[in-house]
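Participant: Handing you a structure now.
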């Protein structure tokens with residue numbers, strides 16, 4: 001385990017009581033003095049601070065968009081990203097079994113430790129400090145978010161995009177399934193009659209395939225008529241589209 | 001609508017910006033300047049403050065008990081109780097329709113307004129003030145809670161009670177159903193062979209009837225052998241038992 005001093009630098013916060021930080025990076029597999037109570041506290045201070053940041057930054061959006069955006073910002077994968085920026089895996093204290101099975105890479109363990117650290121800062125020196133530490137980690141993320149779309153799934157985004165242009169809803173059709181029962185690949189076609197768009201994508205479930213197809217369809221719609229204020233948006237979208245893991249784009253007919 | 005000054009007295013908090021309190025008691029049916037964004041903010045500051053109160057008060061309990069206790073303390077009916085103590089219904093600003101249909105008595109509207117008030121206090125003068133106002137409302141509630149049992153359903157409590165005494169689990173049996181498909185009454189028997197306890201209770205679903213029967217069974221178990229430290233507990237329990245709405249107690253055989 002690397003010295004916790006460098007983790008304090010990354011957090012830009014120096015603990016008065018170093019034992020709190022030590023506890024925050026201790027998984028229950030390591031010892032009885034583990035981080036789960038701190039995680040409980042940290043989860044709630046995090047939820048509140050992110051709520052307050054969103055509330056203040058976006059004064060016009062409604063509580064539905066605030067809630068969805070918050071949920072997206074505090075979900076496990078977002079916290080695991082923060083853990084990665086902090087190089088948290090090298091500070092984790094794990095039991096033998098977790099060490100061997102690669103627990104230091106597991107998103108749930110990393111996310112829980114991030115929350116526990118926020119809880120530890122709150123205990124160490126109060127709300128203002130915790131707020132500062134959390135806001136610092138979220139600053140680069142908050143710069144670029146659009147609370148109207150953040151955390152919405154592609155099918156919802158496609159539906160809203162079409163409704164905004166008064167175009168009839170897309171039709172999703174399963175055109176093939178491959179493989180055995182518990183290892184199936186679904187191929188789904190999404191078509192938007194009025195725009196003569198038909199795209200096809202694959203996924204491990206019908207839902208996953210539909211979402212992948214919706215992502216391709218959004219790209220196709222925006223390629224036909226880029227959203228206001230974007231230049232060359234169609235080209236940029238195209239490359240995103242091609243990077244989809246299981247998607248099989250099909251040319252517009 | 002009564003003057004908001006008396007609501008400020010009940011909260012023991014004086015707003016710098018009275019418009020914030022006005023907005024907090026304004027339902028969306030009344031005007032566009034309603035309380036839903038404040039409710040989003042208030043919900044999260046409330047969750048955090050209650051988490052911190054529980055964390056500090058109960059230093060030995062694990063995060064599972066903390067989470068369940070918190071969920072119970074911030075649920076709609078708990079907030080509606082706080083609203084009642086604040087006489088909040090007389091301050092609510094509702095639209096015509098909600099007024100006519102008794103919206104000022106609706107638990108969801110009352111609970112949302114309580115959260116919005118907490119959010120308004122936070123905006124008005126920061127975290128410390130919000131914490132103080134929330135802690136004051138929760139002080140009488142926190143005195144009496146047992147985080148090991150708070151928010152657990154009767155079947156779980158009965159199971160834990162029996163496990164603690166090394167007694168085999170209770171058996172639930174549906175002994176009758178009455179009424180038509182969408183308006184059924186289930187009668188369920190709960191028996192604990194070793195203690196020769198058999199109780200019967202009714203409910204609108206099998207689950208509800210089982211929970212009611214478990215409540216009666218807990219009373220019966222504790223009447224046989226009161227928990228340590230309680231005097232006359234059995235008698236007190238008996239009256240609780242008899243107040244159950246759909247329960248039909250049956251004598252121990």
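Yeah, the Cβs are placed from backbone N, Cα and C, and that goes for glycine too.
A TrEMBL annotation is a machine prediction, not a hand-curated record.
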Participant: With B:112, B:115 listed by TrEMBL as Mg(2+)-binding, which of these, B:22, B:39, B:189, B:196, is given for the same site?
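Facilitator: For Mg(2+), TrEMBL names B:112, B:115; of B:22, B:39, B:189, B:196, the listed one is B:39.
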Participant: Of the ranges B:198-225, B:226-253, which one does TrEMBL list as region 'Disordered'?
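Facilitator: Based on what TrEMBL states, region 'Disordered' spans B:226-253.
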Participant: What subset of the binding-site residues B:39, B:112, B:115 has a Cβ positioned less than 8 Å from a Cβ of chain A?
Facilitator: B:39
Participant: Where residue B:115 (Mg(2+) binding site) and residue B:43 (active site) are concerned, what is their Cα separation in Å, rounded?
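Facilitator: Cα-Cα, rounded: 5 Å.
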Participant: Cα-Cα, whole number of Å: residue B:112 (Mg(2+) binding site) versus residue B:43 (active site)?
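Facilitator: Approximately 8 Å lies between the Cα of residue B:112 (Mg(2+) binding site) and that of residue B:43 (active site).
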Participant: Using the centroid of the Cβ atoms of B:39, B:112, B:115 as reference, list every other same-chain residue with Cβ within 8 Å of it (recorded Mg(2+) site), in sequence order.
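Facilitator: These residues sit around the Mg(2+) site: B:35, B:36, B:38, B:40, B:42, B:43, B:111, B:113, B:114, B:116, B:119.
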Participant: Which residues in the same chain, at least 6 apart in sequence, have a Cβ under 8 Å from the Cβ of residue B:43 (active site)?
Facilitator: B:74, B:115, B:119
Participant: If you count CB neighbours within 10 Å, which one among the binding-site residues B:39, B:112, B:115 has the smallest count?
Facilitator: B:39
